[in-house]
Amino acid sequence: MFKPKAIAVDIDGTLTDRKRALNCRAVEALRKVKIPVILATGNISCFARAAAKLIGVSDVVICENGGVVRFEYDGEDIVLGDKEKCVEAVRVLEKHYEVELLDFEYRKSEVCMRRSFDINEARKLIEGMGVKLVDSGFAYHIMDADVSKGKALKFVAERLGISSAEFAVIGDSENDIDMFRVAGFGIAVANADERLKEYADLVTPSPDGEGVVEALQFLGLLR
């Protein structure tokens with residue numbers, strides 16, 4: 001059985017349900033885990049830090065789909081992505097769609113938008129601009145093409161003195177794929193995007209937070 005030295009867990013659709021309510025059983029289970037638990041989310045830094053504090057896990061957080069990393073609650077955000085490239089791509093999309101931006105002033109590495117247009121058509125419009133358009137299941141994110149949760153996980157792992165291959169990761173959407181690629185063991189919850197399940201070493205029987213509990217049980221982290 002794979003024995004991780006740390007875990008990275010997505011938030012929306014993994015620890016929460018479709019209404020973004022945290023699963024209390026998952027929270028209780030994560031508090032019992034004796035190895036570092038890192039939240040890896042598409043959300044902004046202040047949200048991720050607050051969630052980590054509320055849940056009771058590590059202060060280390062991966063935010064904005066890997067575009068921002070923070071190692072201490074009161075520390076500084078380390079920005080890994082170029083937001084300006086993303087803004088330029090948004091300007092192109094605005095010529096074709098009604099684009100509704102989300103949390104624009106708080107995002108440091110990417111641009112987040114309401115899921116109100118065809119993502120595949122939009123991807124063609126911004127092709128070659130050095131960005132990628134990702135669907136988190138809750139919003140669209142235009143990200144620097146050099147940014148991913150996977151690269152951020154490798155960055156974090158190096159700082160922690162371990163390999164990303166010693167991480168187990170739990171997620172639900174396509175923005176978790178790169179994280180699954182670099183981790184030692186990837187677990188998709190039952191409600192996960194079918195594309196993510198193709199990269200998973202395990203798919204839990206239950207969705208979202210209940211699936212997280214099952215994942216931790218499978219890894220032998222709940223005693």
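Residue numbering: from 1, along the chain as shown.
Placed from the backbone N, Cα and C atoms, the Cβ positions cover glycine too.
The active site, nucleophile annotation in Swiss-Prot covers D10. Around D10 (active site, nucleophile), the C-beta neighbours below 8 angstroms that are at least 6 residues distant in the chain are L39, A40, T41, I170, G171, D172, S173, D176.
Less than 8 angstroms from the CB of D12 (Mg(2+) binding site) sit R20, T41, G42, N43, S136, G137, F138, D172, S173, each of them six or more residues away in the same chain. When secondary structure is read from DSSP and collapsed to three states, D12 (Mg(2+) binding site) falls in the coil class. The Mg(2+) binding site feature in Swiss-Prot is assigned to D10, D12, D172, D176; the stated evidence is sequence analysis.
Listed in sequence order, the residues of the same chain lying 6 or more apart from K149 (substrate binding site) and placing their CB within less than 8 Å of its CB are A8, A40, I62, N65, G66, N175, D176, D178, M179. Positions annotated as substrate binding site by Swiss-Prot: K149.
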Mapped DSSP class for D176 (Mg(2+) binding site), helix or strand or coil: helix
Chain-mates of D10, D12, D172, D176 with C-beta within 8 Å of site centroid, Mg(2+): I11, G13, T14, T41, G42, S136, G137, G171, S173, N175, V189, A192
Residue among the binding-site residues D172, D176 whose Cβ has the most other Cβ atoms within 10 Å: D176
